[in-house]
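Chemist: Reproduced below are the annotations present in TrEMBL:
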type	residues	note
DOMAIN	825-887	domain 'RING-type'
SIGNAL	1-22	signal peptide
TRANSMEM	388-407	transmembrane segment
TRANSMEM	427-448	transmembrane segment
TRANSMEM	460-480	transmembrane segment
TRANSMEM	645-666	transmembrane segment
TRANSMEM	672-689	transmembrane segment
TRANSMEM	734-757	transmembrane segment
Amino acid sequence: MATDRRGALIPLLIITWIILSPSPQYDNRAVIGNTRPKIEDAIAEEQRSLEVLNNSTYEASRFKADINPPWLGLNLTGFEEDRGYAWDAWPHIRGLASQSTEWWQRAIRGDAVAPRPVPLYENVTGYVQGRWARQALPEIIRSPSLNLTAYAPENPFGPVQPRDFQGNVTGDAGDVQIKLTQSALAGQTLGVVGNITEMKVKITLWDDASEHDQIQLRGVYFTEAAFGLVSTTSDKFAGIFALPHLMPNDYTFKLSRTILNQSISKTIARQISRDTTSLHPWSTSISDNNLQDPFVSPQCELIVWLQQEEPVFPPAQKYSTGFLAFLERELKFPTGAFLPPVPEMRFRMTALSPDCGYIITSAGPPTHSPAVANHLTGPKMPVQSNRGLHAVLLYTGILGLQVLLLLRQMREASTPSTRSRISFYTIAGMALGDGFVTLSFCTLGTVLDGLSLNLMAAGFVGFSSMLFFGMRFLIDIWAVHAPELRRREMVEVQAELRRREEIMAELRAARERRAADATAAAAAAAATASTMATPPTQEGVSDGFITTEAVVEAQPPVQPILPAIAQPAPTEAELTLPLPVTAAHPVDTGATPTFYMPSDQAGLLPAQQAGLMPIAPLTPLTEDQTARLTEMLTDARVPSFASMYIRFFVLLIALVFLSLNAAGWPSIAQKIYYTAIAFAYLGFWIPQIHRNARRNCRRAFEWEFVLGQAALRLTPFVYFYAYPKNIIFASPDYIALSMLVIWQWLQVLTLLSQAFLGPRWFLPVSWMEPAYDYHPILRADAEDSTLPLGFTPTSPLAARRGSLPAKPKTDDNNSVGRGKRLFDCAICMQDLEVPVVEADGGEDGGLGTAGWVLARMTYMVTPCRHVFHTACLEGWMKYRLQCPVCREGLPTL
């Protein structure tokens, strides 16, 4: 009967459905209750807001510096009187963010500023980060009073309970990271005469009191005045349409309105032509969804003023405006010129949340000392890309060295004897780390601009290291470990079967005793009953009584009487139904049921016919049944390499997905998780330490492999934990790095100590099974009869009958004196000087000194009492586990 493989169709059907299913298309039709907005509605609202922007003037704005009425009926979402937003605070924000210098005042009026007194960057695309501090609202400004009903709209399943606001800052300080993306000059692309460009900003706020939030803002940047104004945009706040009204004067109002008019018009045109199906082209969220999620948490709106400050120049250096412009041109269009250190950008941030009512500013002068905080600083995008390229090249070189060390170790461990010493899980841990880095690099390549190709190349090198070299080595190691694991599991299975047989024997004996007692009781009862009867006279009857002999001869064998089991009477419904509903219920007779077990070759066969179970209960297993059952249970317990392979990749993918999910956790949880992952990864020497102790093996790897892998695999952690200018902007954490370094090298020192002090020196004797020690302490008696056997080439039988070792020499050089013996190594045919403890050398004979420990590493003694150089016998045992002299079997190292 063929094997049933219908279960394999299920994954094939799922894969086919995934491949052939059409891609999701935007559906303008409303869903349950017609509550989901349509793209036509979004376009109509955007066109209305754009018309309001084009028809408005700066003179009608309440946000001018010289007037501040209680409210302004600007017909844009978020500026209505009943919204209750804290718009009265905007003049205060503008006063904090503006500069009073003459050149800046001239720049915002459109006057020529040449030369600019402060060297500043023209293109500010890059990253800045630093600390932020909360500022209190002025007393004259009332706190916002929100209509929470607008934040909990109706959805298909009823009103949603208000939840915590995303982006709501509750602490007094925290960290901030900003990615600035500035478009090309407006005069070159959009045809606007002026010095204004578009800007997109991604802000990540870490609140010391809560988790971090990511917010996307859009706005404009004035290159001459070196400031940018960006805002969030959502259903409850038309930030991008109201942005010109927040400018400092009429000149900046007109410039920003002109460029935003063209930009917004292009976006609406793309929506009309369905080049984009997004309902929120200027979405606040980093991941823009095409459809509005009615269950999303409300977000605090944010308006951010970014003012560029003088760059952070190297110590004792300050570049001119012209030289800074040269650096920018060289970074954008490299000519191969030698460049000095490129100074980092520096920005001053002032932010207002009009609905949540908080003000935050970047920490720096004049409120903070420059030594403590210096506003927001960071590299330009080309500089950061070069740093990322250098980091990727460095890690690629590290991967190449790791592969080189692995190949050298594979060449050294080319025999079953040497592979049996290596822990499978140590190599698997290294390969798992390489695979994790591969997938991590592929993920980072999708989010880090300009490094996608380099990260993919480094990921390919890591993938090759894992798949072609690490996995190949694992296959070779498993081919040696699998028989050893099978033998160990077979011993455990045999022990369990012996315990089972002992229990079954006790049960059989108890059953036999109960049966004998029951038979004796029945015979006694029958004899008592027969003496009371008076049957007709016949042979064996004397004086009207039946003799005992006749009763015993005539009594039939006693059979156990089972009690009758009452069956319920069938009902009328059961009598009218067809079989098997009306069939009689089975009677429980007490017999042992027969279980059926599936077979891959012959369909379903009874277990008894398969020969795996005895015919009668409690019957002892035959030798053949025991052997077959042992094989079956052993096969079930020993995993195959295919199953280990699947577990490896399932664990790898699970770790990657968990790590990606952890990127959105609170900062404390992130730090704990990633540090725990680092500790778990750098603990790959632990399985090797355990295997050395269990097998009593002093050394499994070459020392260059151990030291090289330990140093190379620590290098990426040193880069991320100690280098402040790393590509992911991780803050230095020298305490965590110190713990990782100590953890890694503590394992390396343990491996070194196992090689010199013994694999089990730090464990109690009772914790491990006894194992042979090839480096014993040699003690001499009066006749040297306890020392190893010598080797004499002229007399091969001398060693077998126990010839005495050579006596100490007493020449002038005193090469061998008291406490030493000279032997012949049968492998290299050279003399071997061995330290021994003399008979009168005291209790320890100096065994605790470091000299004794190192001296014991120079020789090896076999169980058959032959002594060799350590290097000679280890080289011999790579290929043969037999004594070179007597061919007796040797235990593995």
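The backbone N, Cα and C atoms fix where each Cβ goes, glycine too.
What TrEMBL says about a protein is an automatic prediction, not a curated fact.
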Chemist: What residues in the same chain, six or more past the boundaries of the transmembrane segment (734-757), come closer than 8 Å to it by Cβ-Cβ distance?
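Modeler: Contacts of the transmembrane segment (734-757) (Cβ under 8 Å, skipping residues fewer than 6 from its ends): 671, 675, 678-679, 682-683, 685-686, 688-689, 692-693, 698-699, 701, 706-707, 710, 713-714, 717-718, 721-722, 853-854, 857.
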Chemist: Short question: which residues 6 or more past the ends of the transmembrane segment (645-666) have a Cβ under 8 Å from it?
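Modeler: Non-local partners: 210-212, 428, 431-432, 435-436, 439-440, 443, 471, 673-674, 677.
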Chemist: Do any residues, 6 or more residues outside the transmembrane segment (427-448), come within under 8 Å Cβ-to-Cβ of it, and if so which ones?
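Modeler: Sequence-remote neighbours of the transmembrane segment (427-448) are 388, 392, 395, 399, 402, 455-456, 458-460, 462-463, 465-466, 470-471, 473-474, 477, 644, 648-649, 651-653, 655-656, 659-660, 681, 683-684, 687, 709, 713, 716, 727-728.
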Chemist: Against which stretches of its own chain does the transmembrane segment (672-689) lie, if we need a Cβ under 8 Å and a gap of at least six residues from its ends?
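Modeler: Tertiary neighbours of the transmembrane segment (672-689) are 422-426, 429-430, 432-433, 436, 655, 659, 662, 665, 700-701, 706, 710, 713-714, 717, 736, 739-740, 743-744, 747-748, 750-751, 754.
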